[in-house]
Amino acid sequence: MRVAALSGDTVTELDGDVLEELATNSSGFAFALKRHLQPLLGVSAYRLRLLFQDQEIISCPAADLWHLDLQLLVLPYRQDKSRELLDAAEWGDLFEAARLLESSQDPNASGDNLAPLHAASCMGHLDMVKFLLEARADANQSGVYGTPLLIAAERGRLDVVRFLVEAGAAKDEATDDGSTPLLCAVSGDHLDVVRFLVHAGADKDLQGRDGATPLLRAAGADHLEVVRFLVHAAADMNMHASNGFTPLISAIFRNNVDVARCLVAAGADTNKPTEDGTPLLYAVADGHLELVRLLLEAAADLDRASESGTTPLLCAAEEGHWELVRLFLEAGADFSEVRRSDGATALLCAARNGHAEAVRCLLQARFVLRDLRAFGAFGAFGAFGAFAPVGLWGRLGNSLFPCVPSARSWGFPFFLLFFLPRILLCFLSTLRVLICDESPKQVLARPGPALKAFRAQQAQRR
């Protein structure tokens with residue numbers, strides 16, 4: 001059999017063996033012949049028309065055509081019923097979709113920013129996906145919601161994802177906002193889809209527009225099993241997003257101890273900082289005692305400061321997390337000389353924010369008079385844990401005695417009348433705390449409850 005274009009040029013010639021095979025096709029000889037011609041022409045079989053003496057051949061016995069010369073007509077695409085085709089794809093109606101495609105409807109026509117393949121992939125209609133791809137639908141067509149593969153991955157449609165990948169869909173094609181199929185599968189906590197895409201060769205460290213990797217996205221969404229899989233698949237644990245967050249910092253920010261423990265156990269950098277500080281500093285800021293212990297056990301740097309000079313101890317003191325203050329002091333954190341960029345020390349941060357227990361811990365650890373310097377009004381610790389507001393004129397230096405204003409200043413009499421007696425009372429109250437309670441040396445030598453719990457946890461792990 002010879003098949004020729006309307007121009008008379010030969011398209012193909014079919015021998016008896018091929019014709020016999022086509023004759024046994026369940027879809028009928030005419031349509032089977034169109035399918036056979038589809039890859040040769042790169043055109044959907046639904047656009048092809050077979051003619052004999054200007055009459056279309058729809059169905060007839062194969063034997064009647066074997067010795068004939070047929071003409072081939074390629075119809076242009078139509079888009080007048082694109083909405084109907086989209087609805088058929090969304091509902092998985094193969095019969096209606098076939099009827100519309102027979103009228104030469106474009107399988108890639110978009111309605112409501114979706115093509116039929118997008119809708120079928122979203123709804124998980126695998127048979128419709130296969131049908132549309134056979135009808136020459138574009139597996140990589142990108143719409144406002146991404147590619148068909150991305151939509152299927154986002155919805156967790158594993159069968160559709162597998163078929164699209166096997167059909168040649170791009171595994172790392174991203175949307176305008178940087179989302180990839182793997183990132184979407186991770187965000188949806190679809191572990192089976194994540195596993196398939198990674199094994200199929202998807203880039204497990206490809207960043208979105210915000211710089212987030214799949215592992216960082218999983219850690220920030222509390223998807224523990226996905227985190228474990230990506231760590232096992234050797235995903236980079238220390239890549240950071242545009243805001244500086246690493247997977248470990250994201251887990252700490254979410255207060256997810258299990259995810260943080262998984263990352264630390266796998267070797268995540270416990271000291272990799274953002275401009276706001278290290279993972280330890282993030283844990284301290286929200287008072288996450290268990291996370292702090294986890295990081296200390298992993299040898300996180302106790303004294304690593306942020307760009308503003310804030311150390312974990314300074315942060316704990318300022319936020320009033322006295323248990324963390326005590327834990328850091330017992331673990332050997334440096335506090336006597338450490339100052340923030342504004343000159344504030346741990347004791348000053350705790351005092352001026354009214355955190356009595358934090359101040360008590362710091363005063364019991366070491367009595368440093370030069371830490372009692374004022375930048376405005378702050379609370380000074382009293383003998384019974386009370387705070388008395390103290391307003392200072394001038395600036396306290398590195399000793400108890402203030403640099404009083406000049407005698408020529410109109411405020412000097414008020415300073416003597418109102419503020420000097422209060423400074424003396426605060427000093428006497430502080431001495432009473434130190435005399436009646438333990439000395440600094442005793443406090444530093446005695447393991448407190450926080451350190452005891454930390455040591456017990458380490459002993460159990462051994």
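Every residue gets a Cβ built from N, Cα and C, even glycine.
TrEMBL: automatically predicted annotations, no manual curation.
Long-range Cβ contacts of the repeat 'ANK' (112-144) within its own chain (Cβ-Cβ under 8 Å, at least 6 residues beyond either end) map to 38, 42-46, 85-86, 88-92, 94, 97-98, 101, 151-152, 155, 157, 159-160, 163-164, 167-170, 173, 175. Annotation comment: TrEMBL describes 112-144 (among others) as repeat 'ANK'.
Within the model, the repeat 'ANK' (147-176) shows a mean pLDDT value of 96, rounded to a whole number. For 147-176 (among others), the entry in TrEMBL reads repeat 'ANK'.
Counting residues 6+ beyond its ends, the repeat 'ANK' (177-209) has Cβ neighbours under 8 Å at 146-147, 149-150, 152-158, 161-162, 165, 171, 215, 217-218, 221, 223, 225-226, 229-230, 233-236, 239, 241 in the same chain. Look at TrEMBL and you will find 177-209 (among others) tagged as repeat 'ANK'.
Residues or ranges marked as repeat 'ANK' in TrEMBL: 210-242 (among others).
Within the repeat 'ANK' (243-275), the DSSP-based counts of helix, strand and coil residues read 16 helix, 1 strand, 16 coil. Residues or ranges marked as repeat 'ANK' in TrEMBL: 243-275 (among others).
Under the heading repeat 'ANK', TrEMBL lists 275-307 (among others).
Per TrEMBL, the feature repeat 'ANK' maps to 308-340 (among others). For the repeat 'ANK' (308-340), the DSSP-based tally of helix, strand and coil residues reads 17 helix, 0 strand, 16 coil.
The annotation transmembrane segment is assigned in TrEMBL to 374-394 (among others).
The transmembrane segment annotation in TrEMBL covers 414-435 (among others).
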Determine which residues of the chain contact the repeat 'ANK' (243-275) at the Cβ level, with the cut-off under 8 Å and only residues 6 or more beyond its ends counted. 210-213, 215-216, 218-220, 222, 224, 227-228, 231, 237, 281-283, 286, 288, 290-291, 294-295, 298-301, 304, 306-307
Grab the same-chain neighbours of the repeat 'ANK' (210-242) for me: Cβ-Cβ under 8 Å, and only residues 6 or more beyond its ends, written as numbers and ranges. 178, 182-183, 186-187, 189, 191, 194-195, 198, 204, 248, 250-251, 253-254, 256, 258-259, 262-263, 266-269, 272, 274
